[in-house]
Amino acid sequence: MSILSLVEDRPTPKEVYNWKIYLLAAVASCTSCMIGYDSAFIGTTISLQSFKDEFDWDSMSAAHQDLVSSNIVSLYQAGAFFGAFFAYPIGHFWGRKWGLMVSALIFTLGAGIMLGTNGDRGFGLLYGGRVLAGLGVGAGSNITPIYISELSPPAIRGRLVGVYELGWQIGGLVGFWICYGVDETLPPSHKQWIIPFAVQLIPSGLLIIGALFLKESPRWLFLRGRREEAIKNLCWIRQLPEDHVYMIEEIGAIDQTLEHQRATIGLGFWKPFAAAWTNKKILYRLFLGSMLFFWQNGSGINAINYYSPTVFKSIGVTGSNTSLFTTGIFGVVKTVVTFIWLLWLIDRVGRRLLLLIGAAGGSICLWIVGAYIKIARPSERENKQMDGGGIAAMFFFYLWTVFYTPSWNGTPWVINSEMFDPNIRSLAQACAAGSNWLWNFLISRFTPQMFAKMDYGVYFFFASLMILSIIFVFFLIPETKGIPLESMDRLFETQPIWRAHGTLLKQIREDEERFRHDLEDSGFVKSTDRQVEVVDA
């Protein structure tokens with residue numbers, strides 16, 4: 001088996017890998033388009049001269065400018081932090097489908113409020129709209145990865161949850177380029193900077209429409225006792241009849257897991273809270289999932305996403321139009337590499353190895369960029385023309401993007417969506433998403449001050465954190481590719497961690513062979529398309 005081979009936990013009919021499951025993942029991932037667009041457009045929009053003129057930016061002190069810009073950016077993350085936890089009761093009681101609908105409606109309300117912002121009214125509507133939009137995307141960042149992972153066959157679960165990350169990057173690509181577009185094509189005016197705010201309504205509108213046609217998660221339906229509807233939805237998604245051996249195995253595994261949970265954690269709304277505090281295994285896994293987002297934000301990605309003009313200025317890029325263009329190229333690189341990650345890497349190379357490679361390569365690149373800024377001091381030069389050293393620094397910045405994007409950008413979301421049992425999954429994802437938005441908030445809130453005080457030290461700071469993340473992943477995070485959701489407990493109990501994947505996958509295949517042998521002995525035989533029971537005359 002090569003490193004780029006798909007890993008199946010058992011023989012899987014080709015019907016399982018059908019277009020319907022990709023369509024469901026794509027519709028749900030409109031949530032991440034909302035997130036990606038918002039994270040990309042806001043920093044470049046508030047750097048437009050038309051925005052600064054309308055709000056009399058030049059009359060503010062430098063410290064006041066940093067405060068206002070960090071407030072505009074970080075209030076969104078603050079709302080998203082609370083939205084991630086707000087999604088838990090919605091996802092538990094209403095389901096994944098209607099949870100996605102609620103997140104889209106709240107985001108749309110927030111985006112609409114932002115459109116009322118102008119110089120006369122000040123920043124109040126903008127602040128309020130950012131908080132509401134954050135609530136919406138925070139809820140969506142909880143529910144979407146869970147929904148997709150609960151639909152997915154193990155062999156392509158990473159790829160399908162990766163569609164969520166792809167949506168994030170497509171939204172980001174549009175967000176990075178739209179400000180370059182309005183700066184090139186429209187004269188400085190209120191219209192020039194309000195158009196990027198209005199575009200937020202497109203992905204949320206698509207999600208509202210698409211959510212009406214989504215199938216509810218079969219695993220959530222099983223959890224709520226709606227068995228017939230769950231089996232019907234699962235058969236529709238898998239494109240197989242209920243009595244096919246693959247379906248018998250999957251339904252049996254879900255039943256067995258729920259029965260185990262009923263006897264241990266319990267299936268009620270409050271049971272996961274009690275389990276999280278009393279069960280050390282669950283608490284430990286919550287810690288791992290939350291820490292993945294600490295290390296993700298410790299790479300510096302959100303400092304770059306939200307304040308890309310500041311980042312490029314520190315390297316020596318001058319001129320607002322040039323800064324917008326280089327930011328757009330950053331978005332293109334991320335999107336292209338995300339396609340590669342989605343189609344060839346996440347389910348073939350695996351989660352763990354990608355994190356290790358990305359952290360090592362990304363750290364080296366940031367050390368080089370920081371060293372260039374320390375030695376060359378490009379922001380202090382009278383000659384603003386970028387020299388060979390500056391071009392090399394830009395190369396290593398984009399190389400950092402190539403290392404980071406297929407590793408730490410989307411992989412933590414994939415791992416968190418698959419590493420918990422069904423009844424704890426919503427709460428666990430809320431904790432993971434909340435952790436993401438907490439660190440996101442802190443980075444976005446203090447990045448302007450960090451660049452003002454630390455200068456090149458910002459790059460050394462993030463490079464050091466990426467080195468530390470290698471130790472964390474190697475000793476604590478097992479490989480999860482190809483492992484059924486119902487077997488995650490066994491994976492995290494297998495030691496040593498760096499060999500757990502191979503050990504458990506071998507056990508699962510042996511168990512599956514015994515199951516099929518016992519099934520055939522009990523009166524089932526294979527036919528071309530399905531399994532038929534043998535009845536003696």
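Easy rule for this one: first residue shown is 1, then count along the chain.
Glycine too: its Cβ is placed from the backbone N, Cα and C atoms.
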Exercise. Where Swiss-Prot splits the chain into topological domains, do S70 and T447 land on the same side of the membrane?
Worked result: no
Exercise. Swiss-Prot tags one of 131-151, 257-277 as transmembrane segment - which one?
Worked result: 131-151
Exercise. Is the transmembrane segment (160-180) packed against any residues at least 6 beyond its ends, judged by a Cβ distance under 8 Å, and which are they?
Worked result: 21-22, 25-26, 28-42, 44-45, 47-48, 144-145, 148-149, 151-152, 195-196, 199, 203, 305, 308, 321, 324-325, 327-328, 330-332, 334-335, 338-339, 341-342, 346, 405, 409-410, 413-414, 417-418
Exercise. For the transmembrane segment (326-346) against the transmembrane segment (457-477), do we get 3 or more Cβ-Cβ pairs below 8 Å once near-sequence pairs (under 6 apart) are dropped?
Worked result: no
For this session: By DSSP assignment, list the helix, strand and coil residue numbers for the topological domain 'Extracellular' (119-130), in that order.
Result: 7 helix, 1 strand, 4 coil
